[in-house]
Amino acid sequence: MYHLWIKCLAAWIFLKRCNGVHAMPAKAPMYPNEPFIVLWNAPTTQCPLRYKVDLDLKTFHIVANANDSLSGSVVAIFYPNHLGVYPHIDERGHFFHGIIPQNESLTKHLNKSKSDINRMIPLKTFHGLGVIDWENWRPQWDRNWGSKNVYRNRSIQFAKKLHPELSEDKIKRLAKKEYEKAAKSFMRDTLLLAEEMRPNGYWGYYLYPDCQNYDYKTKGDQYTGKCPDIEMSRNDQLLWLWRDSTALFPNVYLEIILRSSDNALKFVHHRLKESMRIASMAREDYALPVFVYARPFYAYTFEPLTQEDLVTTVGETAAMGAAGIVFWGSMQYASTVDSCQKVKTYMNGPLGRYIVNVTTAAKICSHALCRKNGRCVRKHSDSNAFLHLFPESFRIMVHANATEKKAIVKGKLELKDLIYLRKNFMCQCYQGWKGLYCEEYSIKDIRKI
């Protein structure tokens with residue numbers, strides 16, 4: 001009965017969005033008057049400090065931690081060995097903390113997590129992204145396939161050791177029940193602890209929600225990009241996680257096989273669509289902010305995204321109504337002076353200019369359509385409308401002097417531009433505002449803030 005209610009709720013929200021109506025307001029943006037932001041979450045500290053290569057992130061409207069570090073006051077990412085005593089098996093087969101969640105003390109984990117959060121985020125007024133990156137196992141038994149099947153096997157062994165008198169069938173059912181209960185407790189209680197300690201942060205788990213639409217390698221031209229129904233249903237069953245999250249962190253990493261292809265857009269679009277669906281069903285008062293993880297280079301390579309794929313990732317993310325995009329990267333970006341220079345060159349070329357284009361266009365649309373009280377979202381999520389600067393009305397220039405370099409946008413919105421925006425986009429009002437153009441105070445929403 002509970003699962004049926006969730007499905008009905010999800011279907012109602014989906015119909016609302018398809019009809020171009022936002023049933024819920026959005027949380028106010030992370031920074032005032034910045035409806036769509038781009039953040040940097042790559043370990044590039046060595047570029048400015050060791051190699052004296054400034055990546056010019058600030059120049060192109062990218063928000064980053066101090067010294068371009070991986071974790072800080074803007075984005076704090078917690079890997080398995082950074083937060084508590086996370087039970088798991090690593091990629092090399094090493095065992096940690098009882099391997100499975102039901103074989104480790106939750107109290108011990110939370111006590112250690114508390115000290116880890118204080119160490120990594122000393123500022124109690126932390127207002128950044130708190131991203132917990134636990135990818136070794138999934139909280140749902142049926143999603144632990146492939147290499148993650150080891151957690152099911154270990155759980156069965158654990159249950160059999162405690163209850164040798166039970167039949168194989170009962171052992172498997174008990175193992176599943178105990179595993180899911182413990183996994184839920186680990187994930188939920190960790191999240192609630194983090195939110196209690198740093199209540200102004202945006203907390204959630206990396207790669208949640210997922211869509212499992214990775215079959216582009218086998219489907220070829222038959223690939224639709226759609227999330228399998230079973231995976232959407234499983235996401236519905238994680239309502240407990242969405243309710244306790246204060247942000248969502250899906251990813252849209254592109255492999256090189258998708259370069260400049262129709263399949264790339266299908267892959268990204270449906271992952272975003274599922275994330276926005278989950279964001280709208282998580283709470284009663286506002287849709288969760290979605291910060292989408294992307295890579296400026298193709299996954300597992302050091303080859304920059306094409307202009308077309310920048311539109312596919314950054315452009316699609318903004319047009320679908322996400323709060324921002326987070327660029328993640330590997331140590332390779334800062335491994336040598338040449339690597340740093342390659343990132344800088346890309347930043348000063350297509351990447352930086354496109355980021356300025358989209359972030360500025362999102363701001364202009366928010367001003368023109370939503371009176372700065374909401375963000376622009378496609379009226380029809382499957383359309384090909386993007387939040388881009390109108391080339392006949394605006395131009396991007398980079399000004400540099402002895403002390404700073406800054407990208408500046410010059411121009412003004414023309415009537416024909418406004419007509420285009422009104423035709424293709426609608427306002428998702430921030431909490432406290434309502435109306436077609438977010439022009440009215442909403443006393444009901446203000447009381448909830």
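The count begins at 1 with the first shown residue.
Any Cβ shown, glycine's included, is placed from N, Cα and C.
For Cys340, the disulfide partner named by Swiss-Prot among Cys18, Cys47, Cys211 is Cys47. For Cys376, the disulfide partner named by Swiss-Prot from the candidate list Cys365, Cys370 is Cys365. Sorted by the number of other CB atoms within 10 A, the disulfide-bonded residues Cys376, Cys427 start with Cys427, the lowest. All protein chains considered, the CB of Asn153 (N-linked glycosylation site) has 12 other CB atoms within 10 Å. Cys365 (disulfide bond) sits 9 Å from Cys427 (disulfide bond), taking the C-alpha atoms as the reference points.
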